[in-house]
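Look at Swiss-Prot and you will find GLU261 tagged as Na(+) binding site. Taken from Swiss-Prot, the feature disulfide bond applies to CYS149-CYS163, CYS213-CYS214, supported by similarity to another entry. Marked as N-linked glycosylation site by Swiss-Prot: ASN45, ASN162. If you look up Swiss-Prot, you'll see 1-21 marked as signal peptide, on the strength of sequence analysis. For 22-240, 276-297, 484-495, the entry in Swiss-Prot reads topological domain 'Extracellular', with the evidence type similarity to another entry. Look at Swiss-Prot and you will find 317-464 tagged as topological domain 'Cytoplasmic'.
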Amino acid sequence: MARRSRLRRLLLLLLLPVASTSDAEHRLFERLFEDYNEIIRPVANVSDPVIIQFEVSMSQLVKVDEVNQIMETNLWLKQIWNDYKLKWNPSDYDGAEFMRVPAEKIWKPDIVLYNNAVGDFQVDDKTKALLKYTGEVTWIPPAIFKSSCKIDVTYFPFDYQNCTMKFGSWSYDKAKIDLVLIGSSMNLKDYWESGEWAIIKAPGYKHDIKYNCCEEIYPDITYSLYIRRLPLFYTINLIIPCLLISFLTVLVFYLPSDCGEKVTLCISVLLSLTVFLLVITETIPSTSLVIPLIGEYLLFTMIFVTLSIVITVFVLNVHYRTPTTHTMPAWVKTIFLNLLPRVMFMTRPASNEGNTQRPRPFYSAELSNLNCFSRIESKVCKEGYPCQDGLCGYCHHRRAKISNFSANLTRSSSSESVDAVLSLSALSPEIKEAIQSVKYIAENMKAQNEAKEIQDDWKYVAMVIDRIFLWVFILVCILGTAGLFLQPLMTRDDA
């Protein structure tokens, strides 16, 4: 029992200061708000303004909506003013120098975000305010604002944006409330880094503006938020694939025409770029004022690919030309077979005709054996009796005639030689018919060779055109890409 009694006394001694402090705060609260009116400005003289010290702390840049041109931020609005009705002597209340009270119990300035786009213009007053015995009131309510911001997508995704946030009293003019900026810029000490945007700077400015509606002057504090987009996401997922696809267009002119896939490759590249363009349109603002940089590049690449399709169709038309459908002009031979190949460092393989000896004429090779052939055939004489080793007069006369004629054939042309051979009365009708067939085959093969040479010339002309546009498209692709994506850097240096 004695032990329990001692414990009770000890607990009473420990709780006595707490009860005393709680009682002091209760008495202080009752005294401060006994006759307090939260609607009346806390000034002793009605002509005196309430000086509001104002500062914005950025907690998080939640999102920048380019389509709707809205910037969503999480801010802390620090507001400090003096309320002469909320002063007390700490010694009368157990040394209490600070007191936290609900914000709806005290007078607060009606500071709103002027350029608010969605949601409430004013912050919620459910947080508590800190009171100091000197009458100083500190209120730091958190708020999520969706402010309107004019997004300039000219250099998207390498763009910089300047979004302003204008704070001020909605109903009190400068004679009633005057704003004083704490510091020279937005407080970023507690800022949570964004994965898409980097804040370059956020200076603050105070303005005293006279609006058309009223004669009074209204003060405001405006923060200019300079932000830079982090382009890594768009570079990896949009720009690099577009670059690779656009460079595939160059390979169209290196692809041989005989493979039959040149037009297919062009159309596949065009369809891929169309899909990328549909993706881009969902991420940029729906505005007709400017075309974003990535949109310009896609448009440039689509024109690039469309021209490659037109040129490829023309090249295929040239490639498959034949002597029966087209005649090659002399200027085409001069320019595309002689001049341009040297300029483009193209070397055409030498013809086989210059590297091999001309085959012996038919008459010098095979007709030289007519003597042997005549000996075999002349085993039967004209009279129908067998010849004894070709010693009869008729066979001797026939052999001599063929030998003399074969000697003369070596000095004449092939067609003339064949005609001369056919004129020999010594040859049998079967031999003449065989030689006539050989003559027809030779002339047909000669015509086919000439036609093939002309077709090869047309194919070489198509190859030269392909090589020209290969280098042209490489230069245009490199220069166009560099010219477009270096614009943000050049503009930034000029600024």
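Every residue gets a Cβ built from N, Cα and C, even glycine.
Within its own chain, the topological domain 'Extracellular' (276-297) has Cβ neighbours under 8 Å at 66-69, 151-159, 234, 238-239, 241-242, 245, 481, 484-485, 487-488, counting only residues six or more beyond its boundaries. Within 10 Å of the C-beta of CYS163 (disulfide bond) there are 23 other C-beta atoms, taking all protein chains into account.
Cα-Cα distances to ASN162 (N-linked glycosylation site) place CYS149 within 10 Å, out of the recorded positions CYS149, CYS213, GLU261. For the glycosylation sites ASN45, ASN162, the largest tally of other C-beta atoms within 10 A is found at ASN162. Annotated pair CYS163 (disulfide bond) and GLU261 (Na(+) binding site), C-alpha to C-alpha distance, rounded: 50 Å. If you take the C-beta of GLU261 (Na(+) binding site) and look for same-chain residues 6 or more apart in sequence within under 8 angstroms, you find LEU255. Secondary structure at CYS214 (disulfide bond), as computed by DSSP, is coil.
Looking only at other Cβ atoms within 10 Å, the busiest spot among the disulfide-bonded residues CYS149, CYS213, CYS214 turns out to be CYS149. Predicted-model confidence for the topological domain 'Cytoplasmic' (317-464) is 66, expressed as mean pLDDT. Here the topological domain 'Extracellular' (276-297) is broken down by DSSP into helix, strand and coil counts: 10 helix, 0 strand, 12 coil. ASN45 (N-linked glycosylation site) is 24 Å away from CYS214 (disulfide bond) when you measure Cα to Cα. Here the CA atom of CYS149 (disulfide bond) lies 24 Å from the CA atom of CYS213 (disulfide bond). Residue pair CYS149 (disulfide bond) / ASN45 (N-linked glycosylation site) shows a Cα separation of 40 Å.
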